[in-house]
Amino acid sequence: MSRFLVQRASLLVNSFKNVSRVFLIPVRNLNLLEYQSKLLLRDSGVSVQNFAIVDDLKYAPEVLNKFNAAEYVVKAQILAGGRGKGHFDNGFKGGVHITKEHEKLLEIVKNMLGHRLITKQTPKDGIVVNKVMVAESVDIVKETYVCILMDRQHNGPVLIASPAGGMDIEAVAEKTPDLIKTIPLDIYEGITESIAKEVANFLGFGDKLLLDKTVAELRNLWKLFVDIDALQIEINPLVETKDKQIIAVDAKISFDDNAQYRQQDIFSLDDAGEDDPREVEASKFSLNYIGMDGNIGCLVNGAGLAMATMDIIKLNGGTPANFLDVGGSVKEDQVYQAFRILTEDAKVEAILVNVFGGIVNCATIANGIVGAARNLGLKIPLVVRLEGTNVMEARKILAESGLPILSASDLDEAAKKAVAAIRQ
Ligand code: ADP
Ligand code: MG
């Protein structure tokens, strides 16, 4: 299946789940934490503040003692924005804290590390903070927004800029779109001197010294964008400081996973620590999987059919436990692994297989199912609806297996049977 379809489907799934989990799409484009992004920025000559990272309370005093600044900013590291306005599950307010007092740092770090941070962009129960950044604070005069993005609509990269950056950029985009400029970039030319000047002026950095610095920062950002095969480099805010520096105060970089083979150093930074373990496991076997909160595990081929299956389960009063598209070129082993992931999920009380064999051979699916059901000692009801290529052979394999498989001839019947199986 094309990547486009997968991504489109995942957007639909995300709206279906009614939560914004943009970083949990089946195409696992790598995202880095702020501090990791800043290391890349620094290496490319983009200005960032000095920082230290605390990931273990035991060593926190040691790390903090070595770090000195006139003022500090303490920032929880998670793969979601909106931290400044977020709150923790222990009641602590704000994922970004500023203090002048060195002796307060440890207390702030203690309130963040190991606790869940909830922001507008996280799932509703938040994300555990495993790393905290302690950075030099900077004296901000003006916060702006800059982002280089691969944009489907423009068939290439665009530069998005706003003089009204900072924590309310979403509101700016909605209420005052004139304050946001989108400039399509030529992939070979990138951010030219003249584009960089135009943007610096638009950001309000027209004064000679600031202009030169902004132009240099933007040109370095572009160079990095190309060098690391980024899909997005977002700097919010890019600030002007009291002493007339231009500094990237927050950074978010995501990468094109098609480029993994030539960006191995970067991809090795991915600890996948924040992702749903079911999704991490599934991605090892190239399965397009998204975990959900329901109890009917679905194994489907094709994103469209997966969406339809989830809809019909809902229509019949059930709730899907996942979105799982095994794709067109699925092998028996992947079917086995998909089954294993579903059965290891304690929430799954029934499994529904819905496969339309176009490219995929139904017998492959049937063999995978039978093998998995036997080896894994399947104890929950299994409803199977197969149609298409080699379906007779597939039905025979299922029937002769002697396993208690409930078969269904169409989608509606399959969903009804799965829902009924749970209610019994
Ligand atoms: P998020 O976007 O997740 O809320 P940011 O890193 O953008 O997190 O921080 C939120 C706000 O905190 C910034 O818009 C800025 O006003 C302030 N801030 C962040 N880092 C610093 C810093 N080093 N010095 C001064 N203020 C900062
Ligand atoms: Mg920010």
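Cβ coordinates are placed from backbone N, Cα and C, and glycine is handled just like the others.
Per TrEMBL, the feature GTP binding site maps to Q49, G82, R83, G84, V138. A C-beta separation below 8 Å, combined with a sequence spacing of at least six in one chain, links G82 (GTP binding site) to T119, K120, Q121, T122, M167.
Under a cutoff of 8 A between CB atoms, and with a sequence separation of 6+ in the same chain, the neighbours of D250 (Mg(2+) binding site) are E34, G81, I235, N236, P237. For N236, D250, the entry in TrEMBL reads Mg(2+) binding site.
Long-range neighbours of I359 (substrate binding site) (same chain, six or more residues apart, CB within less than 8 Å of its CB): G328, S329, T389. In the three-state DSSP scheme, I359 (substrate binding site) is classed as coil. Per TrEMBL, the feature substrate binding site maps to N301, G358, I359, V360.
Across the domain 'ATP-grasp fold succinyl-CoA synthetase-type' (31-240), mean pLDDT in this model comes to 95. Residues annotated as domain 'ATP-grasp fold succinyl-CoA synthetase-type' in TrEMBL: 31-240.
Residues or ranges marked as domain 'ATP-citrate synthase/succinyl-CoA ligase C-terminal' in TrEMBL: 299-419.
Residues or ranges marked as site 'Important for substrate specificity' in TrEMBL: E71 (among others). For E71 (site 'Important for substrate specificity'), applying a Cβ distance below 8 Å and a minimum sequence separation of six or more within one chain yields I98, T99, K100, E136, S137.
TrEMBL lists D139 (among others) with the feature site 'Important for substrate specificity'. For the recorded site, D139 (site 'Important for substrate specificity'), the DSSP three-state label reads coil.
Closeness to ligand 2 is met by N236, D250, these being the binding-site residues among Q49, G84, N236, D250, N301, V360 whose Cβ falls under 6 Å from the molecule. Closest by Cα distance to N301 (substrate binding site), from the recorded positions Q49, R83, G84, D139, is R83. With a CB cut-off of under 6 A applied against ligand 1, the recorded positions R83, G84, D139 are reduced to R83, G84. For G358 (substrate binding site), the nearest of the binding-site residues Q49, R83, V138 in terms of C-alpha separation is R83. Ranking the binding-site residues Q49, N236, N301 by the number of CB atoms within 10 A of their own CB puts N301 at the top. For D139 (site 'Important for substrate specificity'), the nearest of the binding-site residues by C-alpha distance turns out to be Q49; the candidates were Q49, G84, V360. Here V360 (substrate binding site) is compared against the binding-site residues Q49, G84, V138, and the shortest C-alpha distance is to G84.
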